[in-house]
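Asks: Take this structure first; my questions come after.
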């Protein structure tokens, strides 16, 4: 008599790629709404255009690689990349700048290495850095929060049909702190409209919004606390170490750096990338610390006011080495074994 031999059931998890991407998109909504409230609908135009370009690039690359477009287009990863670029680019970036950044992010940052799960660099940060290095003037045209445009003017800016005076775009607080050494930090906060209560005017509210969205993702356990805390701790420690009060040669207080630029966006939505970052918990902590330290170094002494994107890409290069030296202990062994043995 033949006995039935059924296989054991497989455990099914709810963390499928489309569900994860939807949660990330939802967590970015507070930051997106805050940007729209402060700077007008330009960010929404960037998002709509970047999403169309991202889906088109995704479909074209899938067709070239002979992969089923319908399956991969539904996973939402291209839309997440588009959203991260839309909130990182200036609100009134011209259409071609968003096109270039999104194209490089999807084609060279993602599909050149084999698609989702194979990319060694964060695609959104790669596209952003390409745009920043290639078109620095357009990438630094941030308006002040009190000069937001309406939808018709935003469309003209987006299409490149409007000419604004140079005074319309102002330097951010990170720009001013890097270039203006004639005033103390207290004088800059008191007399320069680029500065807010904690950090850059407007940027502090955007950072608080992304902090709220990031804490939601942490509560949903989409990532562990190691990478975000590592980045914030590294940035805080460096800014505290080199902060000399409010002198004219100061690089800003720890709170200023935590709530300026793309700090919270980077801490909760960029360094937590499970593909291009480290994999072990200790490795994620080291990875985040490296991003935080490099962000401060670039802000204080580098050629760019904000260094989050460059710091992430540099640490992406170091991620395999970090994984090698922070490999967790295998069950049954006293310590983790590294490298290959003879005959393997």
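Here the Cβ of each residue, glycine as well, is placed from N, Cα and C on the backbone.
Model, not experiment: these values are computed from the prediction.
Straight from Swiss-Prot, here's the annotation block:
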MOD_RES   172  FMN phosphoryl threonine
TRANSMEM  23-43  transmembrane segment
TRANSMEM  44-64  transmembrane segment
TRANSMEM  77-99  transmembrane segment
TRANSMEM  120-140  transmembrane segment
TRANSMEM  198-218  transmembrane segment
TRANSMEM  222-242  transmembrane segment
TRANSMEM  252-272  transmembrane segment
TRANSMEM  285-305  transmembrane segment
TRANSMEM  306-326  transmembrane segment
Asks: Tell me whether the transmembrane segment (222-242) sits in contact with the transmembrane segment (285-305), defined here as at least 3 Cβ pairs under 8 Å among residues 6 or more apart in sequence.
Replies: yes
Asks: Kindly say whether the transmembrane segment (306-326) and the transmembrane segment (120-140) touch, using the definition of 3 or more Cβ pairs under 8 Å where each pair is 6 or more positions apart.
Replies: yes
Asks: Within the same chain, where does the transmembrane segment (44-64) have neighbours whose Cβ lies under 8 angstroms from its own Cβ atoms, ignoring anything closer than 6 residues to its ends? I mean 6 or more beyond.
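Replies: Sequence-distant neighbours of the transmembrane segment (44-64): 32, 36, 72-73, 78-79, 81-83, 85-87, 89, 91, 93, 95, 98-99, 101-103, 105-107, 110-111, 115, 154-155, 158.
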Asks: Which residues, given as numbers and ranges, are at least 6 beyond the ends of the transmembrane segment (252-272) yet have a Cβ under 8 Å from it?
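Replies: Non-local partners: 24, 27-28, 31, 84, 87-88, 122, 124-125, 172-174, 177, 185, 198-200, 203-204, 206-208, 210-211, 213-215, 217-218, 222-223, 227-228, 230-232, 235-236, 239-240, 243, 287-288, 291, 295-296, 299, 305-306, 308-309, 311-312, 315.
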